[in-house]
Amino acid sequence: MGKEKTHINIVVIGHVDSGKSTTTGHLIYKCGGIDKRTIEKFEKEAAEMGKGSFKYAWVLDKLKAERERGITIDISLWKFETSKYYVTIIDAPGHRDFIKNMITGTSQADCAVLIVAAGVGEFEAGISKNGQTREHALLAYTLGVKQLIVGVNKMDSTEPPYSQKRYEEIVKEVSTYIKKIGYNPDTVAFVPISGWNGDNMLEPSANMPWFKGWKVTRKDGNASGTTLLEALDCILPPTRPTDKPLRLPLQDVYKIGGIGTVPVGRVETGVLKPGMVVTFAPVNVTTEVKSVEMHHEALSEALPGDNVGFNVKNVSVKDVRRGNVAGDSKNDPPMEAAGFTAQVIILNHPGQISAGYAPVLDCHTAHIACKFAELKEKIDRRSGKKLEDGPKFLKSGDAAIVDMVPGKPMCVESFSDYPPLGRFAVRDMRQTVAVGVIKAVDKKAAGAGKVTKSAQKAQKAK
């Protein structure tokens, strides 16, 4: 078997008809976790429904439908392999909650794959149409997804087919606008593909002899290749933040007979070990971790990315809840935020937002109403330069620095210290109206909280 491949996460973005599903479906279909039987079943259904041209989007539609219905399908279906990596597609924007997911992200994407359609008139539509394409790329960048690959799709439907001129025109245009957002085009692989026919997906295409391959220049090592799969293989591997202090936002807290209280969540930074004394914020409860489990197996340590359950002593289910954050009591323990300063981008709000606006924030696993206490400055959303001091209101498209105050105790961190706890979605009217990253947190000095007997004992023993 040799060494296990590194796991990486990608997010696929682009306009609604750019062919994201077909392209993604193709990769999953050819390199992925879908077994022969499932594919044959899909093909048979497709034929019966007269969707003989089934190909790949159908695979994805089936998976999506199951995901939407809340059937937890085998997540391996959303995985595929390159020669170096196991790749998981953490989301594709067809989903209703795409933006929210991307922010409260069950996980951070290591790379975004932007699909643009080269077809006549299609590219223009995707880029202008209140530019979903721009919106997604801007979001990816704002939320810290610094690596980008661009797939110029549907090369088979250009005029004439596989037109070099059309491809070059698109590369030029896309380079210009990703540069405005903050990406450096030299570090981005551009690949002309057809997700439908398979051109340059896994094998170099015979239809584009003019394409001499993609090249990227970056300080961590240059790379070149021809296909989309090779470009994915050249993503720089993520550095998982094991050296930071522990932060583990709770997803749930269970009471398990014979064991006791078991909080469950994903380690975002740091390491969780049995015997550690942890503090939960904002409730300010400190206790000892008796054991740590993943998939019903005891672990000697849990690392960033691991979804774990851990048993804590002398803590009742009433003491801690979803949205609380666990950390090491001796190493920068998490604290309640009295307030925080954030940079927000208003995405779609029908009216005007002024000081006093109090929507719900989704930040890590917390879901809490927060007040826009003060609109400090309006800024250029790309460069971050100040445009105006103390604006009276904000509307769609604006970016601003805002002071926020949570309506109930909550624990958040600055994006630069703990990225997963420093980005949030602003929800109102059943949609994401804004996104933000936290610049600074005003932490509440914790009074004497509850320290359990086992924690006192563990601390004495040390």
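Glycine too: its Cβ is placed from the backbone N, Cα and C atoms.
The annotation N,N,N-trimethylglycine is assigned in Swiss-Prot to GLY2. As annotated by Swiss-Prot, domain 'tr-type G' applies to 5-242. Marked as region 'G1' by Swiss-Prot on the basis of sequence analysis: 14-21. Sequence annotations record features per position, and here Swiss-Prot assigns N6,N6-dimethyllysine to LYS36, LYS165 (among others). Residues or ranges marked as N6,N6,N6-trimethyllysine by Swiss-Prot on the basis of experimental evidence: LYS36, LYS79, LYS165 (among others). Residues annotated as N6-methyllysine in Swiss-Prot: LYS36 (among others). Under the heading region 'G2', Swiss-Prot lists 70-74. Residues or ranges marked as region 'G3' in Swiss-Prot: 91-94. Taken from Swiss-Prot, the feature N6-acetyllysine applies to LYS165, LYS172, LYS392 (among others). Annotation source Swiss-Prot lists 5-glutamyl glycerylphosphorylethanolamine at GLU301, GLU374, citing experimental evidence. The ubiquitin cross-link annotation in Swiss-Prot covers LYS385, and the record cites experimental evidence as its basis.
Sequence features, as recorded in Swiss-Prot, placed on the structure.
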residue : record                                    : DSSP class
LYS79   : N6,N6,N6-trimethyllysine                  : strand
LYS165  : N6,N6,N6-trimethyllysine                  : helix
LYS172  : N6-acetyllysine                           : helix
GLU301  : 5-glutamyl glycerylphosphorylethanolamine : coil
GLU374  : 5-glutamyl glycerylphosphorylethanolamine : strand
LYS385  : ubiquitin cross-link                      : coil
LYS392  : N6-acetyllysine                           : coil
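GLU301 (5-glutamyl glycerylphosphorylethanolamine) sits 54 Å from LYS165 (N6,N6,N6-trimethyllysine), counting Cα to Cα.
Between the CA atoms of LYS392 (N6-acetyllysine) and LYS172 (N6-acetyllysine) there is a gap of 38 Å. Between the listed modified residues, namely LYS79, LYS172, the fewest other CB atoms within 10 angstroms of a CB are found at LYS172. Rounded to a whole value, the Cα-Cα separation of GLU374 (5-glutamyl glycerylphosphorylethanolamine) and the residue listed as 'ubiquitin cross-link' is 18 Å. Of LYS79, LYS165, LYS172, all annotated as modified residues, the residue with the shortest Cα distance to the residue listed as 'ubiquitin cross-link' is LYS172. Every protein chain considered, the tally of other Cβ atoms within 10 Å of the Cβ of GLU301 (5-glutamyl glycerylphosphorylethanolamine) stands at 14. Within 10 Å of the Cβ of GLU374 (5-glutamyl glycerylphosphorylethanolamine) there are 15 other Cβ atoms, across all protein chains. Between the alpha carbons (Cα) of LYS165 (N6,N6,N6-trimethyllysine) and LYS172 (N6-acetyllysine) lies a span of roughly 11 Å. It is 31 Å from the Cα atom of LYS172 (N6-acetyllysine) to that of LYS79 (N6,N6,N6-trimethyllysine).
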